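Chemist: Feature table excerpt (TrEMBL):
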type	residues	note
DOMAIN	69-273	domain 'TLC'
TRANSMEM	78-96	transmembrane segment
TRANSMEM	116-139	transmembrane segment
TRANSMEM	146-164	transmembrane segment
TRANSMEM	170-191	transmembrane segment
TRANSMEM	203-226	transmembrane segment
TRANSMEM	238-261	transmembrane segment
Amino acid sequence: MILLSKETTMEIQSYQNQAELLLKEYLLADSSIPYTSVICGIFSCKMVYDLTQLFSSVYFKSYLILSKVQRNEWNNRSISTVHAIFITVMSLYFVFWSNLYSDNRYAGMIMFRSSALSTFTLGVSVGYFLADIGMIIWFYPSLGGIEYVIHHFLSLTAVAYSMMTGEGQLYTFMVLISETTTPGINLRWYLDTAGMKRSRAYLINGVVIFVTWLVARILLFMYLFYHVYLHFDQVKLVHSYGLLLIFVVPFILSVMNLMWFGKIIKGLRKTLAKRQ
């Protein structure tokens, strides 16, 4: 067992205190949280991309025979999967389990409630959308067409506004719950790339995507608009730009979700027909 001198112990304690002070006073100070969280989000995307590249080349033989474009998409989809899991868990917590946006909490109007944690969470998501839209544009159109650019731009604008102003964070988290569908979509691409389109896993994946899409991107958006209707007396107090984002962005995303849902139904029918 290594014994430290009193001076060394005090020195370590001093450095610890300084580090905690730096964290609390600067990195996690209310005014710094938006910027700190965005940077964390971008660096997290870079870390996940590099780790995916490293582990996939070692543990997945099929990764090595993919084209450069496919490898980029493989790595990119791992980033979106990790972000989707993170933001889904946090959004579900804030919308359904946290008291932050509860009607029973008498701490100001729901539309203007926020916390350090909720702002930090949105900032991480902003970092992800910045990194992802950058990759989509850089490798355009291999990672997605114009509809993905529009989707990401709308999401980025709405999430960034909510993060910076603290307005409408509840509705932002409701919309972000739709990221629940992302891991299933990405898994479908991985199965397809691995030549497993006729496997049972591919069929089950299609059914799971159908159910999660229906709940998270169709029914939940209906609930969002109903919630806006119930709290319209508070919603109308939001700044005009915030109102635009509350009404226009979810509406456009709803239309896009319905269009994609039609494609999902068509694809599922085709898969079931082949099975028969």
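Yeah, the Cβs are placed from backbone N, Cα and C, and that goes for glycine too.
TrEMBL: automatically predicted annotations, no manual curation.
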Chemist: In terms of Cβ proximity under 8 Å, which residues at least six beyond the ends of the transmembrane segment (170-191) contact it?
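Modeler: For the transmembrane segment (170-191), the far contacts come to 73-74, 77-78, 80-81, 83-85, 87-88, 90-92, 94-95, 101, 110-111, 113, 118, 122, 125, 155, 158-159, 162, 197, 199, 201-202, 205-206, 208-209, 212-213, 215-217, 220-221, 223-224, 227-228, 246, 249-250, 253, 257.
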Chemist: What parts of the chain pack near the transmembrane segment (78-96), using Cβ distances under 8 Å and only residues at least 6 beyond its ends?
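Modeler: Contacts with the transmembrane segment (78-96): 44-45, 48-49, 52, 118, 121, 124-125, 128, 131-132, 169-170, 173-174, 176-177, 179-183, 186.
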Chemist: Express the predicted model's confidence over the domain 'TLC' (69-273) as a mean pLDDT, rounded to an integer.
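Modeler: A mean pLDDT of 93 is what the predicted model shows over the domain 'TLC' (69-273).
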